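According to Swiss-Prot:
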| type | residues | note |
| --- | --- | --- |
| REGION | 1-401 | region 'Carboxyphosphate synthetic domain' |
| BINDING | 129, 169, 175, 176, 208, 210, 215, 241, 242, 243, 284, 298 | ATP 1 binding site |
| DOMAIN | 133-327 | domain 'ATP-grasp 1' |
| BINDING | 298, 300 | Mg(2+) 2 binding site |
| BINDING | 298, 300 | Mn(2+) 2 binding site |
| REGION | 402-546 | region 'Oligomerization domain' |
| DOMAIN | 671-861 | domain 'ATP-grasp 2' |
| BINDING | 820, 832 | Mg(2+) 3 binding site |
| DOMAIN | 930-1057 | domain 'MGS-like' |
| REGION | 930-1057 | region 'Allosteric domain' |
């Protein structure tokens, strides 16, 4: 069938900022879709609020709007651009919900905009729990016993009928937001209240729990001619009860008989046909392990996290083909881009095993509730490919970057068996490693199965891994056992530990005896057809399918799984670096392990190696490919941390030299450099023991900032005010980075400034200076950044320019450098220097039209910036004001304090741009999920040190018509200044302030931290209640001040004559 010719312009809605449940997979999907539509000759308009994406580059669509993803802003774009059609199924749940709102409000009809792909009726049938249940009943497809509720009372009525446990699934949400498993009345009340709050339809499905069933997923495609295929089927190792995004997943399924596989395949195709899906779709099913009974859990009528995984697992580009199906093309007329000869209607076949393991943020949030359920908690994921299940699992484990390298915890021997079993009986992120530990101690597989309901197939595989460990220990240095262990995915590091050797000795033993991996191609067809996909994985077999060319090569290290502190920004930089390498005529090779990203799309680089980012795995590739050099500065701390290890093997690190990378990180060397170039920093010292840290802090004077060196995202960084706090910190921090010392610095309050620069060794260009709204002490990734700076004098800017050039030249930077400064009462100080790409690179690149990562890569390859027409120093400002606002996922993580400080907590970001600061801030705040209202009620409860400052904010909010509530101490201060205020009772009192928040009486909460970070403190409860009820909680008065400016700009002041 020919593609549609009744439409010319298509609007694509992106998924917005990275949050738990909606990560980089939608940048990958959206980028693919936009390029596919342009390929077919359509004009593409893209709207997305996330600047850290490849999708929002000007080259990806004909017009790109970086605006808040709200009904009003998208309606304006529709009225302005007059698109013929809207494609809603590639922007995650956000895009889907937006399309429904635009349809329901009449905007689409009023502007003659058609919906492409799956019809709205079908989307609503899949998303609306009641309609879906009704359709399944018509099809005779079993669904768990359930009820649809709109109130807590209805939920209790259903509970009385069927009893506990119950699963709560809110409608029209993603990542299981607001849902959970309930075992008692208290949990049911809390979860249903939350679920109704987060569901746009105020609707929850409550179903009898089928926890313990196998969870199976089918990723399916269908076109308008009713051609339908299964792209990939996947099995969750964890049974039903844990969100699939938090489950360890294997593809293809390993424990289904052919009868079971075909039965569930038939059901999946029957359901998508009944729904009328056109494009990609994910079907989740539950299968009784002891019979052929099954239930359908849910259907996602859109491209999802699972479809990104299925695309990377098979090589089959789901989002690209879904976009083409949406404009009328059919599966039997589109060629499979992987083979170039077979058609897209052929179902992919796998001759390898895929393992996906989620990456959780609990290294950041040690007090966060680790228990896993139906609400997703992982920030990202890793994928690994192997010829055996054991191989793919062990490769995935060592990709996680938790400091865990194998099926067990580093300190596993120290736990007693009772504790290990206790941990296994709870579903949390470390259960897999405790299972390994239990098997090592002789616990039977039957006992583990009874505790976890994990299939014996997988438990036997874990047992096999432990058996191989024993054999290695019993046969140290034996080449047959070495080769056998490599076949099953063991790393040199683990083998060395069992052999009683060093890792480098095992590496040498392998080299001397030619025990090396070969690289196999991912080709969608198990080598049935000729294929030229440059997409490879390593395994210990005989035939190598990765043909090495004569071309000069540059290898780029990716940034691994998405986590707090290292997000999609680094993937953006990686992709741009690859494009620059290709433009310069080199062969570009990527090594990465994240299935969600654009960089692991095989069409981006000349060769993609989907492998763990470890010394061993990367060196194996380097030994084969012999690149000219390796680029580490675009892959975040993951890649930087490998530089030293690779250099010891004689690998050339391109760009800033290893010596200079280390000078920026080594405290003493960096201080010596600052002294030489005359750039001041806050007084600080290095400590290698708690005793030394205390001596340093007393000498410098409290408050001090303490942090380990060589970390990203402010990991384990804290401001401490006393000996007692410091002693408590040292117990934690030395754990965070044992091989590196702790830095103790004077804490300076003042404006924080961030600068990104590019240097070729001679010329230093500064694309932009960003001013943070929150003063120093809040991590730069959690601050609102403003470009151009709004309150700096020309003298400040000249000083920042001078210091940046001195630092870049002093460190002999070739490529990118990111510097954070503080402007205190007595001048400008340098806080931190990162000799690599930073998370502000995409933001500044979008604003200034300077492709920073590409320019840096050109400098790394020897191009002079002067020859490209750039002059040294700060580049001319772009027109307008641009704001980068952080986005948090606190509503997904229980027991995590929302207070901002030097350790990063945000998962994503949005951009707001306009002609004035207030308008840009309004867009930034709105895009980040803060509903800015011109009237309402604000609750204030601040620490003593902030009481003078809160008076000014309260006065201004009162002037524009806000009602003010405050706790006793804060209220007394406001009353002294004649500000009308209502006193609210303390927690647990008669007029409990938590009740006021829960009842929806409060629109903003301003709460600053009182001493002591313990979960039990009232402040923590206030902040958590605020987040859980979807109310903006501001923990910095600078943010509160900025919000007040925005509210004032929206309203008129009311004063008597």
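Cβ atoms here come from the backbone N, Cα and C positions, even for glycine.
As the structure is a computational prediction, the values presented were derived from the model and not from experiment.
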DSSP output for residue 129 (ATP 1 binding site) maps to helix
The answer, for which of the binding-site residues 215, 298, 832 has its Cβ ringed by the most other Cβ atoms inside 10 Å, is 215
Within 10 angstroms of the C-beta of residue 129 (ATP 1 binding site), the count of other C-beta atoms across all shown chains comes to 25
Here the binding-site residues are 208, 242, 298, and the Cα closest to that of residue 832 (Mg(2+) 3 binding site) is found at 242
Within 10 angstroms of the C-beta of residue 300 (Mg(2+) 2 binding site), the count of other C-beta atoms across all shown chains comes to 23
Mapped onto three states, the DSSP assignment of residue 284 (ATP 1 binding site) reads strand
Its residues classified by DSSP, the domain 'MGS-like' (930-1057) shows 56 helix, 21 strand, 51 coil
A correct count of other C-beta atoms within 10 Å of the C-beta of residue 820 (Mg(2+) 3 binding site) gives 21
Residue 208 (ATP 1 binding site) falls, by DSSP collapsed to helix, strand or coil, into strand
Filtered by Cβ under 8 Å and at least 6 apart in sequence, the residues in the chain of residue 284 (ATP 1 binding site) near it are 215, 216, 217, 244, 296, 297, 298, 299, 300
Once DSSP output is merged into helix, strand and coil, residue 242 (ATP 1 binding site) belongs to coil
Cβ contacts within 10 Å for residue 242 (ATP 1 binding site), all chains included, total 26
If you measure between the CA atoms of residue 242 (ATP 1 binding site) and residue 820 (Mg(2+) 3 binding site) and round to the nearest Å, you get 41
Taking DSSP H, G, I as helix and E, B as strand, the region 'Oligomerization domain' (402-546) contains 75 helix, 13 strand, 57 coil
Around the Cβ of residue 208 (ATP 1 binding site), other Cβ atoms found within 10 Å total 18
Cα of residue 129 (ATP 1 binding site) to Cα of residue 820 (Mg(2+) 3 binding site), in Å and rounded, measures 49
